Each structure stands twice: as structure tokens, then as C-alpha cells.
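K.L.:
Heads up, here are the entries from Swiss-Prot:
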- Asp77, Asp79, Asp81: Mg(2+) binding site (BINDING)
- Cys78, Cys95, Cys102: Zn(2+) binding site (BINDING)
Amino acid sequence: MKDWLDEIKWNSDGLVPAIAQDHKTGRVLMMAWMNRESLALTATEQRAIYWSRSRGKLWRKGEESGHVQKLHELRLDCDADVIILMVEQLGHIACHTGRESCFYRVYEDGQWKIVDPVLKDPDAIYSAGH
């Protein structure tokens, strides 16, 4: 039997884009990257674990903020080069800016307009004890 991870078309850096969506509403919460290890751990631990390109290490979503993403379902697109994680976003905040979604800006009249409110001050999110 073929290893399920071998079916994924990893990019030249060994990564695949991963889109997190709210499992109830379908709203796109964020996009991050996964490597083979992070995807395998996500499936095993049933929580989102990404690969941080800037830090060069595994990133367990919510490890600093407490805003864990509980995995409900993993999906692979038709070209096998994008993953969707259907998640329950604990704390209802996916973005490091304190918003529900990282996609909080809308293109309007030639500029990006902020349309979603900050739910919690990022300084309060990332202070000790969340």
C-alpha cells in the first residue's frame, strides 16, 4: 500500500501549502506551510502543526497564544499540491493580529480596506499565560 504522504506533490523545499478553514462555516482562517513531519504529526495529534519557514522549525498552532486548531478533516486537492485542514479554532482567533481570520482585508477602490475587527489585543494574546 502506498504511503499517503507520498501522494502529495511537495515543492522543491519539501513543503505544501496548507489552508485552514472553519469546519462549521467554511471560512478561510489562514494559510501556512507544512512539511512531511508536520503533516504526519497533524494527522496523529489531531491538531494543526505547521512548518515555520521563518523560524525553520515545527509550529504547533496555539503553542504561544492558546489558539489551538483542532483537526476535524484533512483534504487534498485534485493536483495533490494543496492541503485543506477543516478545523475548530479554539478562542476564535486564528491571526496573530488578534482577528478571527488572517484574511481581514478587502480590495476596494484601488486599496486594501480592513473589514474585520481585532477581537483581542495581540500584546495580551502573546503575554505570559495568554
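Glycine is no exception: its Cβ is also placed from the backbone N, Cα and C atoms.
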K.L.:
Cβ distance under 8 Å to Asp77 (Mg(2+) binding site), same chain, sequence separation 6 or more: which residues?
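P.N.:
Long-range Cβ contacts: Ile83, Ile84.
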K.L.:
For the binding-site residues Cys78, Cys95, Cys102, which one has its C-beta crowded by the most other C-beta atoms within 10 angstroms?
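P.N.:
Of Cys78, Cys95, Cys102, the one with the most crowded Cβ is Cys95.
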K.L.:
For the recorded Mg(2+) site, whose residues are Asp77, Asp79, Asp81, find every other residue on that chain with a C-beta no more than 8 angstroms from the centre of their C-beta atoms, and list them by sequence position.
P.N.:
Lys9, Leu76, Cys78, Ala80, Val82
K.L.:
Counting Cβ atoms within 10 Å of each candidate's own Cβ, which of the binding-site residues Asp79, Asp81 comes out highest?
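P.N.:
Answer returned by the neighbour count: Asp81.
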K.L.:
What does the structure give for the C-alpha distance between Cys102 (Zn(2+) binding site) and Asp81 (Mg(2+) binding site)? Integer Å is fine.
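P.N.:
Counting only the Cα atoms, the answer is 21 Å.
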K.L.:
To the nearest whole angstrom, what is the C-alpha distance linking Asp79 (Mg(2+) binding site) and Cys95 (Zn(2+) binding site)?
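P.N.:
Computed Cα spacing between Asp79 (Mg(2+) binding site) and Cys95 (Zn(2+) binding site) is 28 Å.
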K.L.:
From the Cα of Asp81 (Mg(2+) binding site) across to the Cα of Cys95 (Zn(2+) binding site), what is the distance in angstrom?
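P.N.:
Here the two Cα atoms lie 24 Å apart.
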